[in-house]
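S.K.: From TrEMBL, for reference:
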{"type": "REPEAT", "residues": "37-69", "note": "repeat 'ANK'"}
{"type": "REPEAT", "residues": "70-102", "note": "repeat 'ANK'"}
{"type": "REPEAT", "residues": "103-135", "note": "repeat 'ANK'"}
{"type": "REPEAT", "residues": "268-300", "note": "repeat 'ANK'"}
{"type": "REPEAT", "residues": "333-365", "note": "repeat 'ANK'"}
{"type": "REPEAT", "residues": "462-494", "note": "repeat 'ANK'"}
{"type": "REPEAT", "residues": "495-516", "note": "repeat 'ANK'"}
{"type": "REPEAT", "residues": "528-560", "note": "repeat 'ANK'"}
{"type": "REPEAT", "residues": "561-593", "note": "repeat 'ANK'"}
{"type": "REPEAT", "residues": "681-714", "note": "repeat 'ANK'"}
{"type": "REPEAT", "residues": "715-737", "note": "repeat 'ANK'"}
Amino acid sequence: MDATTSSLLDQAHDGDASALASLLADVKLHGLTPEVAGPSLLVLAARAGDLEAVDSLLAVGLDVNAIVAQDTTPLITAVQSGHTEIVRSLLRHGASPNVAPPSGVTALQEACRHGLPAIATALLEHGADTEASADDDGVTALCYVFDANDVESARVLHAFHASANVTLYGMPLFLLAVDVHSVDFTTLLVETYQVDVDQVDRNGNTALMLATRRGWDDLVTYLAPRCNVNAVAAHGYSAVAIAAAAGNLSLVHALYSVGANLAPSKPEHEAPLEAACAQGHLDVVRFLVQHVNDVDRVNAEGTTALYAAVAHGAADIVACLLPRANVDRVLSTGATYLCAAAFDGHTAIVEQLLASGADPSLPDGEGNTPLLHAVAQHHVEIVALLLPVLDVATVNMRNRIGETAVFRARSSAVLRQLLAAGANPLLSRYDGCSVLGKAITLKKPNMVTLLVPLVDVNAPIKRTTALRLAVETRDEVVVARLLDAGANVDQAAENGRTALHLAAQLGPATMMERLLAHTQCIDQTFPGGSTALSTAIEFGSLDVIQALLRHGANVHHVNEHGVSVLQLACAVGRPDVVQILLGAGADLDAHDANGWNCFIMAVDKGQVDVVRHLLPLVNSNEEIVSSFAPRLVACDGATPKFFTNGFRAIHIAYDDHDDPSMLRALMESPALEINATDARHGLSALHCACAMGLISSVGQLLTHAHIDVNLQDKEGNAALHYATVNGHSKIVELLIDVKGPSIDASMPNQSGKTALMLAEDEGHDTIVALLRQ
């Protein structure tokens with residue numbers, strides 16, 4: 001091919017009409033060889049609709065089925081351009097209608113897509129495959145004519161036995177035609193293709209159901225006589241149930257006229273009447289009630305049409321159903337109509353049901369009566385409707401857990417109504433919770449006021465007392481009313497704690513003052529030996545503690561472990577309370593059952609502020625002899641060394657967390673004996689801190705002017721020995737840096753071992769190097 005022809009061909013493909021005209025004129029005038037007249041020129045001629053040029057090119061023997069660089073064939077191009085005669089010419093010259101480019105779309109599909117029935121006929125006459133689809137996606141020629149709404153081409157395809165059993169957009173074609181309201185295509189598929197009119201989608205919906213749901217009256221009218229009108233989808237709905245749920249009375253009429261069943265036999269199938277009631281469609285309900293024998297039909301969920309109407313508050317529908325319904329039916333769910341209406345607060349429906357003879361005493365499956373429901377939901381108007389028609393026994397009926405209507409009251413207004421109707425406030429729930437207890441828990445002082453003249457305010461309430469409940473809710477008004485009614489402040493709950501104990505923990509002081517004015521035993525104890533004052537010291541406010549002391553609480557009280565209130569204040573770290581107790585005469589020198597005093601307890605618990613407060617008042621070097629004493633594990637695997645023969649505060653002033661705060665506080669006292677040792681082993685604080693690897697504590701101890709780094713215990717070990725044998729190289733380094741000149745590194749212990757020997761024996765190379773320096 002010469003350069004000029006090649007250039008013209010490129011220009012023609014780019015849409016240059018003059019270049020194409022020049023090429024085609026040359027073809028018709030002179031003819032071209034097959035090498036020059038490639039298939040792409042044939043495609044261009046077909047697109048241009050130049051039959052003469054096409055015939056000239058075909059005459060030279062071109063491959064009529066070749067797929068050119070533009071991913072098309074001459075035949076497909078001719079079809080897309082709508083050139084019928086060129087299509088026929090290509091077919092006569094052997095073009096295959098089933099050759100498809102990479103897109104997979106055949107010539108027949110293109111003809112159907114563009115609405116060209118004449119071309120489609122020509123292709124079909126030459127063997128076009130009606131069922132071919134691109135990439136096996138299932139989209140056939142019939143799908144294309146559906147998209148184009150080309151009924152004529154659809155008839156052509158049918159004449160050549162095209163199948164209508166195809167899927168488009170995930171739906172069977174017939175169902176899709178109905179769903180999009182394609183009346184012509186629906187009719188064609190039914191009457192010409194004779195599709196199965198009862199075919200279903202993945203959810204079991206038939207065409208009739210789809211048309212009904214969409215409200216296509218014309219399609220429903222057309223399909224209903226031809227379909228199984230009583231088919232049921234997976235969700236249990238038939239076409240007539242769908243129409244009823246949608247409130248489409250005309251479709252309900254239409255479907256009923258062709259035999260739609262208004263009362264399905266299976267409970268899992270939705271009845272039209274229930275569907276209409278649930279959606280509140282009164283006109284549909286009125287029609288259905290006239291044609292349904294059993295308005296009390298129970299569905300798979302155990303409910304009825306009347307229950308659906310009650311639940312939705314549809315009083316007009318309820319009125320329509322009541323003349324034929326059993327108003328006292330107890331459903332399989334345990335529900336009753338009157339209970340449901342009372343629970344939901346549908347006052348008008350409650351009136352309707354009562355007027356129709358509904359039994360107001362009939363409980364539901366949980367034992368709740370309509371009155372119980374109305375009271376619990378605080379539907380005051382319904383309570384007022386029910387009480388006049390109930391006897392006293394019904395007013396006091398219990399549910400399964402023993403609750404009565406009066407127990408469920410949440411306002412003084414309802415409580416007053418119930419009491420006037422004979423409600424018994426003494427009936428407790430089966431678990432022991434009383435009406436008074438419930439009112440206290442709800443923090444309803446006006447309800448408590450109504451109840452206290454009628455009940456025993458000291459009666460046990462679920463292992464506690466009414467007064468304790470009131471204290472727990474911190475409701476001072478209720479506490480005052482209970483006290484005025486004779487509540488016993490000193491009455492203990494099952495756990496042994498009184499209202500006073502609880503108030504000591506929770507406060508406030510004003511409530512404590514109320515209780516103290518009525519107590520006969522301010523120092524009453526609960527298990528463990530604690531009093532209200534003990535509890536307040538551990539958990540309460542300073543105001544509460546001061547109130548207890550003003551009323552004479554015993555500052556010398558000790559619990560079952562011998563711990564005094566002052567010791568407790570020291571242990572929990574309350575210096576302000578310590579000061580108050582000391583001012584009230586508490587014994588600073590008292591010891592508990594283990595022999596520990598206040599000061600030792602404060603040190604042991606890490607209460608630095610308390611220790612600083614006590615230091616001027618105590619002997620910080622007092623020796624404590626106790627079986628409950630600290631210990632030291634001198635090294636891994638060694639037998640623990642207990643300080644039971646006597647230890648000092650300094651021996652417990654450090655801890656595993658290596659916080660030197662307590663040591664620092666103790667060292668503020670000039671009287672502190674920094675080198676004090678325990679009576680049994682001769683261990684000092686420095687020995688212990690070095691053995692335990694507490695570098696911050698060691699550093700703090702080394703700041704004391706009188707610290708003796710060469711002090712030996714009863715086994716001859718000094719601080720350096722303990723740090724070395726345990727491999728604490730940082731502490732060895734610290735000892736050398738701070739006290740190097742005064743350290744006797746050559747001093748042996750009773751086994752004849754110096755620190756260096758111990759380091760060598762244990763293989764602590766870093767320490768060996770430090771000591772050799």
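Going from the start of the chain as shown, residues are counted 1 onward.
Glycine residues also receive a Cβ, built from the backbone N, Cα and C atoms like all the rest.
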S.K.: Who are the chain neighbours of the repeat 'ANK' (715-737) in space, where the CB to CB distance is under 8 Å and they lie at least 6 residues beyond its ends?
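M.R.: Contacts with the repeat 'ANK' (715-737): 634-636, 681-682, 684, 686-688, 690-693, 695, 698-699, 702, 709, 743-745, 747-751, 753, 755-756, 758-759, 762, 764, 766-767, 770-771, 773.
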S.K.: Could you tell me how many residues in the repeat 'ANK' (37-69) are helical, how many are strand and how many are coil under DSSP?
M.R.: 19 helix, 0 strand, 14 coil
S.K.: Where else in the chain does the repeat 'ANK' (70-102) make close Cβ contacts, counting only residues six or more beyond its ends and a cut-off under 8 Å?
M.R.: 13, 39-40, 42-43, 45-47, 49, 51, 54-55, 58, 64, 108, 110-111, 114, 116, 118-119, 122-124, 126-129, 132, 134
S.K.: Give the nonlocal contacts of the repeat 'ANK' (333-365) in its own chain as ranges (CB under 8 Å, at least six residues past its ends).
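M.R.: That would be 301-303, 306-307, 310-311, 313, 315, 318-319, 322, 327, 371-374, 376-377, 379, 381-382, 385-386, 389-391, 394, 397, 399.
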S.K.: Please give the sequence-distant neighbours of the repeat 'ANK' (528-560): residues at least 6 beyond its ends with Cβ less than 8 Å from one of its Cβ atoms.
M.R.: 498, 500-501, 503-509, 512-513, 516, 519, 522, 566, 568-569, 572, 574, 576-577, 580-581, 584-587, 590, 592
S.K.: Using DSSP, what's the helix, strand and coil tally for the repeat 'ANK' (528-560)?
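M.R.: Taking the repeat 'ANK' (528-560) as a whole: 17 helix, 2 strand, 14 coil.
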S.K.: Looking only at residues six or more beyond either end of the repeat 'ANK' (462-494), which have a C-beta under 8 A from one in the stretch?
M.R.: 431-434, 436-437, 440-441, 443, 445, 448-449, 452-453, 500, 502-503, 506-508, 510-511, 514-515, 518-521, 524, 526
